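K.L.:
I have a structure here, written as structure tokens, and I will follow up with some questions on it.
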């Protein structure tokens, strides 16, 4: 006779048998971790995220390794592989010089590559939600780094939170940087230039051909990037071969019309000749030079890249995009002016203190270890470094506009003014101009002004809301369980992720439903933008309009002035006063118009 205890034991045993026999759901099957692409099968891995999982495929090859005779050439399509490729860890990073300015300092070390350096580096990563979606929106990340550095394997670019929370598929790719990615003999197929951009383009072609197998929608692809990554995104908007490869674009703190982004072909060729000279490859013809440069160890090329430009030049890019007649047929501002741009929706934005990240890398009087309270002389020396080749008159115009015109002069004013000069000229004003031109062509555009300084930022307080430090909120790092962001920052990051994903899915940051602050479309006339911070977002118009008008209209005229310096100086100062008075009147009238319009709307 069975006891009650025996019956209970048998019942428990049967329950365990049933549990073991039950299917655990599709997310736990081998089928979900192995996906067949056009070039072969890849095996991913399951990642725990926020109480759930995502499936990650890390280090999928998308091109032949650009080794030997393929160095300096466009990327070549991949051959099929017979076995299953293990895509379970990040691949090599592309060769690049490491930032050693502040050894051991997290603020700079976080951007250095965290995998082995190799020319065999053309790999991409895919994060997909669980359960595996059908026809999900795809977001493809392009990293920044001035076209000299960067890798997709950095923790700050981890796509798992975005995939898990917003149920989008996230993709990122490595592309060649520095001379190995952008050395150019324009017109020569053995070293045409823009190889790094062609890498990106081939990765986007891979996404088009394969993303459906991962549950993605090839007709809903948003490319997004920061700094040189944003400039890359805007170059794809100007490249007809890239048009079919994506749907929408997000540009964070960068654009291709910025003064650092694209070089004229003559300048690109001259820099290649200079590198050839320093590596002992000065030869009679281009092919001999290319052959010699291909024979060099990549480390030797890296060592000599830094000699291509003067040692005191800051914010200069040794090797970057150029007009090659193929990927890029003209300078970006010309193509924008001619309306030769993809019809699409774009989301663009900048951070409050874009210039500070560059000042600590050599500007006189600046340091990450103090308050960088600089003198007038150091401000002027800083202008000399950031504007080499600009006449004394041109630099005097900048000094007068950003400092003297305000009347107040103190170390803080000089420090903050140089931050504004560098940020306005290189990031903010070009981004606004790109957005304005894009909007003039009847494309929907949206603009943001990022105002939140991360509580975990290792850089000093005076550096403010720095270049690059919105990225951690876009990728959801504050949601991690073992991080010490504030609760407000976690909420803010979720809001940013929702906004970016809404834009990717629907072409509008508000998505299909309204929220507390409706994000207005940016038009070339009103130029409305939204502030992003942990408080309530606000709508404003004409971000830094007087400063950007100075760089767009007044500064070029000053550079053209010749003749007697005293007479010319008097002439530009008089012209400047007339111009600034006009700008102030215009700003006041516009503000009056805006307030009256909003009052009428509220009735």
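Heads up, the Cβ atoms here are built off N, Cα and C, so glycines get one too.
Checked Swiss-Prot, it gives:
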- 1-29: signal peptide (SIGNAL)
- 86: N-linked glycosylation site (CARBOHYD)
- 94-121: disulfide bond (DISULFID)
- 135: N-linked glycosylation site (CARBOHYD)
- 145, 146: substrate binding site (BINDING)
- 227: phosphoserine (MOD_RES)
- 227: active site, acyl-ester intermediate (ACT_SITE)
- 270: N-linked glycosylation site (CARBOHYD)
- 281-292: disulfide bond (DISULFID)
- 354: active site, charge relay system (ACT_SITE)
- 370: N-linked glycosylation site (CARBOHYD)
- 429-548: disulfide bond (DISULFID)
- 467: active site, charge relay system (ACT_SITE)
- 484: N-linked glycosylation site (CARBOHYD)
- 510: N-linked glycosylation site (CARBOHYD)
- 515: N-linked glycosylation site (CARBOHYD)
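Give me the local environment of each listed feature.
P.N.:
In this structure, residue 86 (N-linked glycosylation site) is part of a beta strand by DSSP.
Non-local contacts of residue 94 (disulfide bond) by the CB criterion (under 8 A, 6+ apart in sequence, same chain) comprise 117, 118, 119, 121, 122, 151, 174, 175, 176, 177, 180, 181.
Residue 135 (N-linked glycosylation site) carries neither a helix nor a strand DSSP state and counts as coil.
The Cβ of residue 146 (substrate binding site) lies under 8 Å from the Cβ of 227, 228, 260, 317, 320, each on the same chain and at least six residues away in sequence. DSSP assigns residue 146 (substrate binding site) to coil in the three-state reduction, placing it in neither a helix nor a strand.
For the recorded site, residue 227 (phosphoserine), the DSSP three-state label reads coil.
Reduced to three states, the DSSP call for residue 270 (N-linked glycosylation site) is helix.
The secondary structure of residue 292 (disulfide bond), as reduced to three states from DSSP, is helical.
In the three-state DSSP classification, residue 354 (active site, charge relay system) falls within coil. Here residue 354 (active site, charge relay system) comes close to 253, 419, 422, 423, 424, 426, 427, 428, 466, 467: these same-chain residues lie at least six apart in sequence, with C-beta atoms under 8 angstroms from its C-beta.
For residue 370 (N-linked glycosylation site), the same-chain residues that are 6 or more apart in sequence and have a Cβ closer than 8 Å to its Cβ are 460. Annotation note: residue 370 (N-linked glycosylation site) sits in a coil segment as assigned by DSSP.
The 10 Å shell around the Cβ of residue 548 (disulfide bond) contains 21 further Cβ atoms across the protein chains shown.
According to DSSP, residue 467 (active site, charge relay system) sits in a coil region rather than a helix or strand.
Within 10 Å of the C-beta atom of residue 484 (N-linked glycosylation site) sit 9 other C-beta atoms, taking all shown protein chains into account.
The Cβ neighbour count for residue 510 (N-linked glycosylation site), using a 10 Å radius over every protein chain in view, is 17. In the three-state DSSP scheme, residue 510 (N-linked glycosylation site) falls into the coil class.
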K.L.:
Same chain only, sequence gap of 6 or more: which residues have a CB within under 8 Å of the CB of residue 135 (N-linked glycosylation site)?
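P.N.:
Those within reach of residue 135 (N-linked glycosylation site), by Cβ under 8 Å and sequence separation of 6 or more, are 215, 216, 217, 220.
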K.L.:
Going by C-alpha distance, which of the recorded positions 292, 429, 484, 510, 548 is nearest to residue 86 (N-linked glycosylation site)?
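P.N.:
Nearest in space to residue 86 (N-linked glycosylation site), counting only the recorded positions, is 484.
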K.L.:
Determine, using Cα-Cα distances only, which of these recorded positions is closest to residue 145 (substrate binding site): 281, 510, 548.
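P.N.:
With Cα distances computed to residue 145 (substrate binding site), the winner among 281, 510, 548 is 548.
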K.L.:
When neighbour density is defined as the number of other C-beta atoms within 10 angstroms of a residue's C-beta, which of the disulfide-bonded residues 121, 281, 292, 429 has the lowest density?
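P.N.:
Across 121, 281, 292, 429, these disulfide-bonded residues, the one with fewest Cβ atoms within 10 Å is 292.
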K.L.:
Indicate the candidate from 86, 227 with the smallest number of other Cβ atoms within 10 Å of its Cβ, considering only these recorded positions.
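P.N.:
With the recorded positions 86, 227, fewest surrounding Cβ atoms within 10 Å: 86.
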K.L.:
Quick check: of the recorded positions listed here (270, 429, 484), which one has the Cα closest to that of residue 292 (disulfide bond)?
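P.N.:
Looking at Cα distances from residue 292 (disulfide bond), the smallest one goes to 270.
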K.L.:
Going along the chain, which residues six or more apart from residue 270 (N-linked glycosylation site) have their CB under 8 A from its CB?
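P.N.:
Correct list: empty, so none.
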K.L.:
Let me know the most crowded of the recorded positions, choosing from 145, 467 and counting other Cβ atoms within 10 Å.
P.N.:
467
